[in-house]
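Peer 1: I'd like to ask some things about the structure below.
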Amino acid sequence: MTNIRKTHPLMKIINDTFIDLPTPSNISSWWNFGSLLGLCLIMQILTGLFLAMHYTPDTTTAFSSVTHICRDVNYGWIIRYLHANGASMFFICLYAHMGRGLYYGSYAFRETWNIGVILLFTVMATAFVGYVLPWGQMSFWGATVITNLLSAIPYIGTTLVEWIWGGFSVDKATLTRFFAFHFILPFIITALAIVHLIFLHETGSNNPTGIPSNMDKIPFHPYYTIKDTLGALLLILTLLMLTLFAPDLLGDPDNYTPANPLSTPAHIKPEWYFLFAYAILRSIPNKLGGVLALLLSILILAFIPMLHTSKQRSMMFRPFSQFLFWMLVADLLALTWIGGQPVEHPYMIVGQLASILYFLLILVLMPMTSLIENKLMKW
């Protein structure tokens, strides 16, 4: 008799995705982040659901309702901090996943990569609207500053901003709609993630060498289920350590002050995972130019497959490209640091240089280095 998991219409899908999936035998731990992102998404939806049961999206009660969750709801404090720090873990996994894709040439799977870029934008949008919900000072001013950037769009900018706000400033209407967006977007992310997987399973996984591995595949279960479980345990351990020992380490103290439209915080800045893009935005003195640079800093990922000039897919055997890749990582860390600093003399020039280097590395240096490496292969 045939096994039910191979015949049942629903179980067959699960079987082909998580059990009998042919997987390259040599994929490293950098391939763990896909499953970890799935785990993060599930955790965020579950903790978010329980938070939504007690939260009120109204300017007069939003801040109090978050305080109420932390003080009066059974284990509300841990649900709230798991959700807040879970977002940080989500972005750590996301950036590692993207870095893996860049290093090993996974972007050659065009459809999978493009859905991934759309997913990144969606996750960033979700995190942004979510940060507004506690209605602290940084929530309010972050929402004001970032939505105001749209006013740089010629002709329709001002109308567009007021349409998003639902009035002439960030107010009740804005908070209510942001809560609605924050609730619906994770389900859109889930749907996109499924499409991401469908496209990936059309081609099969890449591997560290970048060489086709069709002749050397192993079943996903038990080999990679056990490997993913180890990754999941490490992720949960890190999240719990962060949540239970330093819940506010990655947050902003200003967000413990209720939103006040009459008092601007000294330094308006987003959460750490957006600081690199914020630094690029601030490094251009022109408003529209800054907005375009901000958008392009993420959108540039969609052009990565077109900028691939190497005859090899992976960077595994390309030392010069490896050097530039780690230079890019260091540059992004520098931008992240700059984004959290005030707009003053030493930081401004460092931010501008780091921003120039970011675009220069991706658009010029990496493609040119790949061409040089192609020549060197003939020696």
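Here the Cβ of each residue, glycine as well, is placed from N, Cα and C on the backbone.
In case it helps, Swiss-Prot gives these features for our protein:
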TRANSMEM  33-53  transmembrane segment
TRANSMEM  77-98  transmembrane segment
BINDING   His83, His182  heme b b562 binding site
BINDING   His97, His196  heme b b566 binding site
TRANSMEM  113-133  transmembrane segment
TRANSMEM  178-198  transmembrane segment
BINDING   His201  ubiquinone binding site
TRANSMEM  226-246  transmembrane segment
TRANSMEM  288-308  transmembrane segment
TRANSMEM  320-340  transmembrane segment
TRANSMEM  347-367  transmembrane segment
Peer 1: What are the sequence-distant neighbours of His182 (heme b b562 binding site), meaning same chain, six or more residues apart, C-beta distance under 8 angstroms?
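Peer 2: Listed in sequence order: Gly48, Thr126, Val129, Gly130, Leu133.
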Peer 1: State which of the following binding-site residues has the fewest other Cβ atoms within 10 Å around its Cβ: His97, His201.
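Peer 2: Among the binding-site residues His97, His201, the sparsest Cβ neighbourhood within 10 Å belongs to His201.
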Peer 1: What residues in the same chain, six or more past the boundaries of the transmembrane segment (113-133), come closer than 8 Å to it by Cβ-Cβ distance?
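Peer 2: Hits for the transmembrane segment (113-133): 55, 57, 62, 66, 87, 90-91, 94, 98, 101, 106-107, 139-140, 142-143, 146, 174-175, 178-179, 181-182, 185-186, 188-189, 192-193, 195-196, 199, 270-271, 273-274, 298-299, 301-302, 304-305.
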Peer 1: To the nearest Å, how far is the Cα of His196 (heme b b566 binding site) from the Cα of His83 (heme b b562 binding site)?
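Peer 2: Distance between the two Cα atoms comes out at 24 Å.
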Peer 1: Below 8 angstroms Cβ to Cβ, which residues of this chain, lying six or more residues outside the transmembrane segment (33-53), approach it?
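Peer 2: Answer is 69, 79-80, 82-83, 86-87, 89-90, 93-94, 96-97, 100, 182-183, 186-187, 189-190, 193, 228, 231-232, 235, 239.
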Peer 1: Name, in the order they occur in the sequence, the residues of the same chain whose CB lies under 8 A from the CB of His83 (heme b b562 binding site) and which sit 6 or more residues away.
Peer 2: Gln44, Thr47, Gly48, Leu51
Peer 1: From the Cα of His97 (heme b b566 binding site) across to the Cα of the residue listed as 'ubiquinone binding site', what is the distance in angstrom?
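Peer 2: Computed Cα spacing between the residue listed as 'ubiquinone binding site' and His97 (heme b b566 binding site) is 17 Å.
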Peer 1: How about long-range neighbours of the transmembrane segment (320-340): same chain, 6 or more residues beyond its ends, C-beta under 8 Å?
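Peer 2: Beyond its ends, the transmembrane segment (320-340) has Cβ neighbours at 99, 102-103, 269-270, 272, 274-280, 282, 310, 347, 350-351, 354-355, 357-358, 361-362, 365-366, 369-370, 372-373.
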Peer 1: Determine whether the transmembrane segment (77-98) and the transmembrane segment (347-367) share at least three Cβ pairs under 8 Å, counting only pairs 6 or more apart in sequence.
Peer 2: no
